[in-house]
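Sequence annotations record features per position, and here TrEMBL assigns compositional bias 'Acidic residues' to 929-940. Residues or ranges marked as domain 'Band 3 cytoplasmic' in TrEMBL: 22-323. The domain 'Bicarbonate transporter-like transmembrane' annotation in TrEMBL covers 382-929. Residues or ranges marked as region 'Disordered' by TrEMBL: 359-379, 929-948. Feature annotation from TrEMBL assigns transmembrane segment to 415-434, 446-476, 496-521, 528-545, 611-629, 649-669, 700-719, 740-756, 802-821, 827-847, 897-914.
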Amino acid sequence: MHIGKGIELHPFLKKLYDHSPHAIFVELSELLQAEDDIEKEWKETARWIKYEEDVEEGVDRWGKPHVASLSFHSLLNLRKCLENGVCILDLEEKDLPAIAYRVSEELFKEDLIRENDKGPLMRMLLLRHRHVNEQHHDRRFGFSRNKHSYTSLQNLYDTEKRKISFPENGLKNGDADRKLLPSNETHIVDVKEEVYSASNEDIRHARNDAILKKIPPEAQGAGVLVGEVDFLEQPAIAFIRLAEPVVIPSLIEVNIPVRFIFILLGPKLSMIDYHEVGRSISTLMANQQFHNIAYKADSRKELLSAINEFLDDSIVLPPGDWERQALLPIEEIKAKSDAIKRRKLNALKKEEEAQGITKPLLTADGGDKKPPFPNPLERTRRPWGGLINDLKRRYPHYISDITDGLNAQCAAAAIFMYFAAVSGAIAFGGLMGIKTDSQIGISETLLATSLSGILFAIFGGQPLIIIGTTGPLLLFDESLVQFCQSQGFEFLTVRVYIGLWLAIIGVVVAAFEGSVLVKLFTRFTEDIFSALIVFLYIIEAIQKICFVYEKHPILANYCEVESTSYRNATENDTFITDNPNINFTDILIPVTHFEKVPSHDHTGVINQPNTALFCTVLTLGTFAIAYYLKIFRNSHFLGRSARRALGDFGVPIAIICMVFLDFIMPEIFTEKLNVPEGLSPSNPDVRGWYIPPTGIVQPLPVWVMLAAVVPAMLVYILLFMETHICELILDKKERKLQKGSGFHLDIVLVCLVNVMCGSFGMPWMCAATVRSIAHTSALTVMSRTHAPGEKPHLIEVKEQRLSSLLVATLIGLSVFMSSLLRLVPMAVLFGIFLYMGVASTDGIQLFDRLRLFFMPVKHHPQASYVRKVRTIKMHIFTCVQMMCLIMLWVVKSTKASLAFPFFLILMVPVRDQLKRIFSQRELRALDGDQADVDDDEPDFYAEAPLPG
């Protein structure tokens, strides 16, 4: 339909078309002089999928996608163009010549062009289109230019060529005597093949498979044609919405149906920039709110109103000479804009309430639909109610948990996670062997990780979780060993009863739905706990390297050592002296002699040359490779997939490189991992696989069996925190998990698994946060059709059990790789712990705020805790956390280290008392879950609040 200026359409004249909004691909083409011809052509200069992409002149390639910046003057000019031009909605034409003819007729009827302008105008509209990366050949549109020239279209009424007939099917626009076309005429238009040809060659030329992948399915196109011509006296403007989407070859660079066309042709004028007006309408069409209205608009007035809404939501930057750094972050600008919108909506709501306009309380279906299952962190007030709900929520998906894992992505994720998990198991197992005098070592750690992982993959409520030992549990076992040695108890036997008590505590706490208490663990407590583990990893690595220097000091001579002894003077010695009172038997004579440097003592090999320095190289080399591959993950080298692969496999790559370096230098002694052959305990002379509850060598007192409930409660605190915090991270809304989680079920299952670990002398197991996040990320399906410049968005996560089951099985089989594991130097493990400590600082806000102590306020980042909290109060909050951290470190370093989980729990009431100092708004900024936007894609350590 054609909508004249000031004319509204009668409702009974409307036809029904599909006006449902679609995604829009917009292409801006400008009428420019061809490079090697006197003729003009339509040259693609920009395109929009979501962001604007401009063609870089001279290199004929696309520039960087960016948010379009428009001048206010060009938007006003666009509004004037739409007010004064023709607006044709639901035009029933199927190809470009027909559209061009109808447009020229409508422009003539609106007195925007003269009668003799129609032919040249159609000729301009039907000129060829040249897109980016299209070579400028002599042969175009199926004709040879040395034989033909572009038709002048003065012979449009010739009948020698293809005829296109346009019968009258227009609608009355309010004037009974005036129609779109005279009813008694049939116009015959001749379009030469050299001007426009819809051959298959053109369609193939217009198809661009690379960009098609970035365009959403069922998207439609919009072509914007602007340019200067010398035959028009005033601008000719037309906004066309086709009745149905039509594939128009060569109009746009991709072979998708076109729904909108905007035309702006006119003489060279100083008051209007055709290019900027074209950018303005293109940006508007790419804007979702505007093109939704454009699809449904019935009149010109609605389009003009949509422009007003666009202007209302736009942000104007004042002119001036200002730096980019002075611009507020886009997130803050958007937040201010949203706040303005909310104020307007609230004002409108109050106005409606004042007028007595209220919305119905219930929807048409009787109210808001309730979710099929309640929030797992809300009490049901029934014994084991949360556990029962977890079973009802998760187990009905069991069949899909199997079938969803039968794909290549899950297999690739399992292989990736095997290397990540086995690296952690070897590192923690090697350190555990040192801490426990090989009572628990690598063999036990690998076997425990495997068996626990298999059980959790089969029965767990959240099978994406990877089970393994972690730093806090290692710290607890170190303290327990020291306590048992001081009291004369058998360490492994005490752990048997701790495991049994864990099962009882886990079941009892689940009965009272204790998992809901995880809400009490805020960022305040998480940061302190994480910082403690970070310092533990870093200091542990440094201490181990220092211990290597003690065993293998740097000496000038490693073959002989110079020593001095003394003997009494005898009568055989001749002395010349002036003092007759000297007693020669009291004189000690120094005697220098050389002894061989000892190479062994009760601890093993000592005093080896180059060992200390080479171990330092291995430690720092492992750390450097892993850490810089982590940084490389967010660099601009290589492709995204290659960067992610190298970054995610950083630790295994570092281990392999340093093991190879050690292997090619066999003359330098380095201490290797102590791994027994086959399926054997780390120290078979001290223990077997089964730990007798009555004791291995000496019986355990009965009161100790009962008192084991105390350390069991402390272990439960660690299991509770690690497992539930991991569950909370995986259960975030942005991960779009569909099958639910298992807050109550999983902690009970972890406690039952640790009964097995205690009975067989294996390390404690819980949810390994970093490894679980890595597993989930490997199973995440990201979009491949996102717009250029837009970050890939998450589509789904493959929620299944097979990948974690395969990972656990492969780790168990690694026990039989003892010959390879014995090639790994201990210094490499120290490098891994150094890397884990340093890398984990990225996700801890406490360290970010700690840096601000030494930074002027003007250089503080635009983080929420900086913008919403006074600097002095922010520093007070940081100081409170640091004092709590120091207290925990002191407890860990004393004989009371076994009770450090209890002191960790005390952080909860400390955080609660901060309400007396800080307002709720300040606490939300300092202790909230909101994360500041970062351009880099976070890795697993940055996402995990708990390292390990």
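Any Cβ shown, glycine's included, is placed from N, Cα and C.
Unlike curated records, TrEMBL annotations are generated automatically.
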Same-chain residues near the transmembrane segment (415-434), Cβ under 8 Å, at least 6 residues beyond its ends: 440-446, 449, 453, 466, 468-471, 474, 477, 540, 544, 648-649, 651-652, 655, 673-674, 682, 763, 768, 771, 774-775, 778, 803-804, 806-807, 810-811, 814, 821, 824, 826, 829, 832-833, 836, 948
Positions whose Cβ lies under 8 angstroms from the transmembrane segment (827-847), at least six residues beyond its ends: 423, 426-427, 430-431, 471, 523, 527-528, 530-531, 533-538, 540-542, 544-545, 548, 614-616, 618-623, 626-627, 630, 651, 654-655, 658-659, 662, 670-671, 673, 770, 865, 878, 881-882, 885, 938-939, 941-945, 947-948
Same-chain residues at least 6 beyond the ends of the transmembrane segment (740-756) whose Cβ lies under 8 Å from its Cβ atoms: 373, 376-377, 384, 386-387, 389-391, 393-394, 397, 451-452, 455-456, 459-462, 465, 467, 499-500, 502-503, 505-507, 509-510, 513, 515, 518, 715-716, 719-720, 723-724, 727, 730-731, 762, 764-767
Stretch with greatest number of CB pairs under 8 Å, the transmembrane segment (446-476) reference, 496-521, 700-719, 802-821 candidates: 802-821
Long-range environment of the transmembrane segment (802-821) - Cβ separation under 8 angstroms, sequence gap at least 6: 401-402, 405-406, 410-411, 413-414, 417-418, 421-422, 425-426, 442-443, 446-447, 449-454, 456-458, 463-467, 673, 675-679, 775, 778-779
